[in-house]
Structures are given as C-alpha cells and as structure tokens.
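S.K.: Can you read through this structure? Questions will come right after.
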Amino acid sequence: MQGVARNFFTLAIIYALCGMALGIHMAISEDHGQMPTHAHTMVAGWLMSAVFAFFYHLFPAAGQKTLALVHFWLTAISGIGLMIGLYILLAGNPGIEPLLGISSIGFYAGMLLFAFIALPVVWKKSLSEG
C-alpha cells in the first residue's frame with residue numbers, strides 16, 4: 001500500500017483506536033452520553049477511511065492525482081474537527097457548534113470530491129466491454 005491509500009489506512013486505524021478507546025471509557029464509566037461521537041468515529045472515521053484506502057489501493061492511478069491528496073487532507077482535517085467538535089458539544093459546550101458545522105460541511109465536501117474521483121473510475125468501460 002502506497003501514497004494516499006496508505007495515508008487513509010493509517011487514518012482509519014487511528015480512528016478505530018480512538019473510537020474503541022471511547023467505547024471502553026463509556027462502558028467503564030457507565031455514561032453513554034458520547035455514543036454519537038463513538039458511532040461517528042467508527043463509521044465516518046474508521047469505516048469510510050478504510051474504504052477510501054482500499055479504493056485508492058485498487059485503483060492506484062486515481063490515488064496518484066493531486067485531487068486524491070486534496071481528498072485526503074480535506075477529509076482528515078474536517079473529520080478530526082468533526083469528531084472533536086461532536087465530543088465537545090455532547091460534553092455540554094454548545095459554543096463549539098460553528099466549528100462543528102464547518103467541519104461537517106468540509107467532511108461532506110470530501111465525500112463529494114471522492115464521488116467525483118471514484119465514479120468515473122468505476123464506470124469506465126474496459127476494452128473487453130467494448
């Protein structure tokens with residue numbers, strides 16, 4: 001695994017470790033108030049980053065484009081802001097909502113960019129399809 005694929009897979013592992021640690025913390029403390037943060041970390045963080053990693057691994061030409069690197073950084077920065085912002089919001093600090101909103105829009109923009117990168121690749125006709 002190389003380049004953007006490796007970056008996304010590394011990010012996925014970091015999300016998984018953080019999400020699992022938060023899950024353990026909630027279980028030990030018997031306070032499940034951060035369940036939405038845990039779910040977002042595991043699905044939007046771990047799962048989506050792993051999917052992005054495997055896409056770029058399966059289609060290395062797509063991962064070598066500048067847009068793939070933009071996709072990584074947009075997703076990484078906005079995703080981290082989203083997870084931290086959600087944690088702070090659910091801890092009772094509504095003043096974080098503007099950062100959370102910006103991060104959410106950035107994360108959505110990252111998914112739109114991925115669609116722009118990935119859909120032409122997977123719908124491209126091969127020579128054998130005529």
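From the backbone N, Cα and C atoms, a Cβ is placed for every residue, glycine too.
A TrEMBL annotation is a machine prediction, not a hand-curated record.
OK, TrEMBL features for this one:
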type     : residues : note
TRANSMEM : 7-28     : transmembrane segment
TRANSMEM : 40-59    : transmembrane segment
TRANSMEM : 66-90    : transmembrane segment
TRANSMEM : 102-123  : transmembrane segment
S.K.: At a C-beta cut-off of under 8 Å, are there same-chain residues at least 6 beyond the transmembrane segment (66-90) that contact it? List them, or none.
M.R.: 3-4, 7-8, 11, 15, 18, 33-34, 36-37, 40-41, 44-45, 48-49, 52, 56, 96-97, 99-100, 102-107, 109-111, 113-114, 116-117
S.K.: Do any residues, 6 or more residues outside the transmembrane segment (7-28), come within under 8 Å Cβ-to-Cβ of it, and if so which ones?
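M.R.: Counting only partners 6 or more residues beyond its ends, the transmembrane segment (7-28) has Cβ contacts under 8 Å with 1, 34-35, 37-38, 41-42, 45-47, 49-50, 52-54, 56-57, 72, 75-76, 79, 83.
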S.K.: Should anything in the same chain at least six residues away from the transmembrane segment (102-123) have a Cβ under 8 Å from its Cβ atoms, list it; otherwise answer none.
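M.R.: Cβ under 8 Å, 6 or more out: 44, 48, 52, 55, 59, 61-62, 65, 67-68, 70-71, 74-75, 77-79, 81-82, 85.
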